[in-house]
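Student: As annotated in TrEMBL:
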type	residues	note
REGION	1-24	region 'Disordered'
COMPBIAS	1-16	compositional bias 'Basic and acidic residues'
DOMAIN	208-243	domain 'EF-hand'
TRANSMEM	333-352	transmembrane segment
TRANSMEM	417-435	transmembrane segment
TRANSMEM	472-493	transmembrane segment
TRANSMEM	513-532	transmembrane segment
TRANSMEM	544-562	transmembrane segment
DOMAIN	567-689	domain 'FAD-binding FR-type'
Amino acid sequence: MKMQKTEDRNYDREIIDNDNSSPSKTIDDTYVEITLDIREDTVAVHSVKNASGANIVEEAEVEVLGLAKNVKKKHSFGASVVRNTSMRMRQVAQELKLLASLKKQQPRPFDRTNSVAAHHALKGLKFISKTDGGAGWAAVEKHFDELSATSDGLLPRGKFGECIGMNRESKEFAVELFDALARRRNITSDCISKIQLKEFWDQIANQCFDARLRTFFDMVDKNADGRISSEEVKEIISLSASANKLSNIQKQADEYAALIMEELDPDNLGYIMIENLEMLLLQAPNQSEGGKGLNRNLSHMLSLKLKPTVETNPIKRWYKNLNYFLLDNWQRVWVVLLWIGAMAGLFAYKYVQYRNRAAFDVMGHCVCMAKGAAEILKLNMALILLPVCRNTITWLRNKTKLAAAVPFDDNLNFHKMMAVAIAIGVGIHVLAHMTCDFPRLLKASPEKYKPMEPYFGDQPTSYWHFVKGVEGVSGIIMVVLMAVAFTLATPWFRRNRIKLPRPLNKLTGFNAFWYSHHLFVIVYSLLIVHGIKLYLTKEWYKKTTWMYLAISIILYSGERLLRALRSSIKDVKILKVAVYPGNVLALHMSKPQGFKYKSGQYMFVNCSAVSPFEWHPFSITSAPGDDYVSIHIRTLGDWTSKLRAVFSEVCQPLPIGKSGQLVAECLQGENKNLPKVLIDGPYGAPAQDYKKYEVLLLVGLGIGATPMISIAKDIVNNMKAKEEDDLENRHENPNPTSQKKRNFKSKRAYFYWVTREQGSFDWFKGIMNEIAELDPKGVIEMHNYCTSVYEEGDARSALIAMIQSLQHAKNGVDIVSGTRVKSHFAKPNWRNVYKRIALNHTNARVGVFYCGAPALTKELRQLALDFSRKTSTKFDFHKENF
């Protein structure tokens, strides 16, 4: 588009005078060239050039309607051109759109080199993603040779998707793509040769957006008449939904097809053209994380800064890594060093003690090793109970300042470390006795054995002498019970990773772990007996086993008694039961008197209809301000499966379409036969420390979103309460309650929920809508990610993105999650997530809280360390795995 200049001479003179680099330069051109991006109701100027092609102005996207207010004359020559012609641009835009709508023939491909949508266009409608088929033609050719080996060198239509690298879920989509490519070449056969496959590949791998658009249009336009009907739109929607495992969208294909036709066919012609489809595709939202509000220059500089630098000097590299390690793990380091020091000291003390006793002359260093191992065994048997005293740990972290120096969040890790130390101690103690001490006693001469007679009696002649006594029997039973409990507690057995035949399959699963762990009641009893009946010690005050265990056993017994009393006193009524797809059960219960908790904490649940003795922990999903307590339980094992089955039996299934994706629901009063549920808690968890941070990054993987949902809701409630309190107490002295609210530091939160299935979003649909409604200022930025949907730019998800944009703009509801929160596709780019937060919150300390499977823990922790070390933003990582 070219327009004649209308600038006055004074402004021309100003430009010439200000151009110091070329003082003799004059503007003799008669025309300027302006590149426009014309959309539905806006006109954007991409560049202004003179007739010679020199670029005068090049802005990413300058809206004409805002130019008069934001751009002054002195900015540039191009700004003046736009200012003087802005009144006519809207008219030109309308004329151009009218001309395009009147064209019946296929339009010539647009030159996108100057379009503001060029970057978006080149990323769109890719039929081959990085994860499937990205290896190029060489891999496709290899697949062809393998798949056509039994079909006379021809590739069947049904194996086309497999050949080009698409997965099984995309088989139907690949067949439609095959048909579109075949129609373009008038191929009627269901098989193609390698030469034809190469032509197909060249077209779908074409980097030109117009070529990809034509291919996509051909897929939709099955009758090849150059028009897309409503029925054809419906078919491609069903196809895309199937490829992305979006069953809800597949069921509503009619509705979404009508939505697209309403948008692209306002004149009710009954069809849409390729230019209409192109317009909608280019207006689809950018799903990638980090492009929104991100300063590109700063982002690029930060990326360069974050590149790993390799230290050539091994000593400096070692020192640097050690320094980083100590800074990140100093709490764990000093506790572990104290524990190791205590064990080393006790072992050395006992070793020296027996080195100076008469038994050393007969049994040598073997007895010193056995007694030293026994001493650290007694210490660890006492300490191993402390990390599972949940009430004590919760009190210490909430009511004392020890949490600043003691890593209470690692209580189970220390419990496991001590279990390993106990296993090693038992091994050394038993081997030293069985392979060294006892053989020496059996082989000792009568003179040498005589000092041992007060302890062992007459010289034994066989091992049976040592086994038949109380010491031997109690020791053997303890070793057997410990071996059983330790084995069934390993992840392979506890998480059902080992598949055993019946009836041995009962040895795997959480139940086996739970009941076998209670064998330690017998073990501790036998340990005390074993310590009293020592061979080489007769004085009572030297038999120290009971002294080691007394405090720990009393504390743990008190804990168990408190749990039993508290759960029986607190009367809990089931207010609501909801059964969701994806094997999730939601329970809403009345809040017991005095039951105070923090978001991020968890509680234990018992259901006698499933098992009268088993208690299982679940994160609390309700906020402290709610008048009820709720949990969401994902079926992951035998106990949770039975619990869901028990509640599903008493709840009536819902009629289809009554309540979205609910399978069954039961409210208070509707069913008096609901199973009885007991609760115990609340207990401290890593996520409860979120109030210490002004900025939060909350990450939930699948059902791991449970504590994050509670935190997000609590932040909104506290922000709202704080605003109301500030209004009421603006001229009054603040009361203790208002002072407590001021201590709530969290002012900004980024919530990322990543799940594989679309149905998972129904678990917290109501809560997420409530958060969105209560948070008009956007304090919590919520991001839902559905990993079953292909990434941005993939042709299989292009139509889903189009429908999502239209539906959200029209009704404010996301088609994937069914909430007001717009969903993203595929997996987040976590590096970009951290980068964006680091750019938005410089010099801030960000609390990163993750709950989910262990697989993502390493990446999130490493990114937190990288950004903390190389930027001014510090990330504190906290995790909770299940």
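A Cβ is built for glycine as well, from the same backbone N, Cα and C atoms used for every other residue.
Structural setting of the listed features?
Tutor: Within the chain, the domain 'EF-hand' (208-243) has long-range Cβ neighbours (under 8 A, six or more residues past its boundaries) at 106, 109-110, 112, 121-122, 124-127, 169-170, 172-173, 176-177, 179-181, 183-184, 249-250, 253-254, 256-258, 260-261, 270-274, 277-278, 281, 790, 795-800, 803.
Tertiary proximity for the transmembrane segment (417-435) is limited to same-chain residues at least six positions away from its ends with a CB under 8 Å from its CB atoms, namely 336, 343, 366-367, 369-370, 373-374, 376-377, 380-381, 383-384, 387, 463, 466, 475, 479, 482, 486, 489.
Note on the domain 'FAD-binding FR-type' (567-689): its mean pLDDT in the predicted model is 78.
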Student: Which range out of 333-352, 472-493, 544-562 gives the transmembrane segment (513-532) the most CB pairs under 8 Å?
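Tutor: Counting Cβ pairs under 8 Å, the winner is 472-493.
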Student: In the same chain, which residue numbers or ranges, 6 or more beyond the ends of the transmembrane segment (472-493), come under 8 angstroms Cβ to Cβ?
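Tutor: Here the qualifying positions are 419, 422-423, 426, 430, 466, 507-509, 512-513, 516-517, 519-520, 522-523, 526-527, 529-530, 533.
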Student: Write out how many residues of the domain 'EF-hand' (208-243) are helix, how many strand and how many coil, based on DSSP.
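Tutor: Counting residues by DSSP class gives 26 helix, 2 strand, 8 coil.
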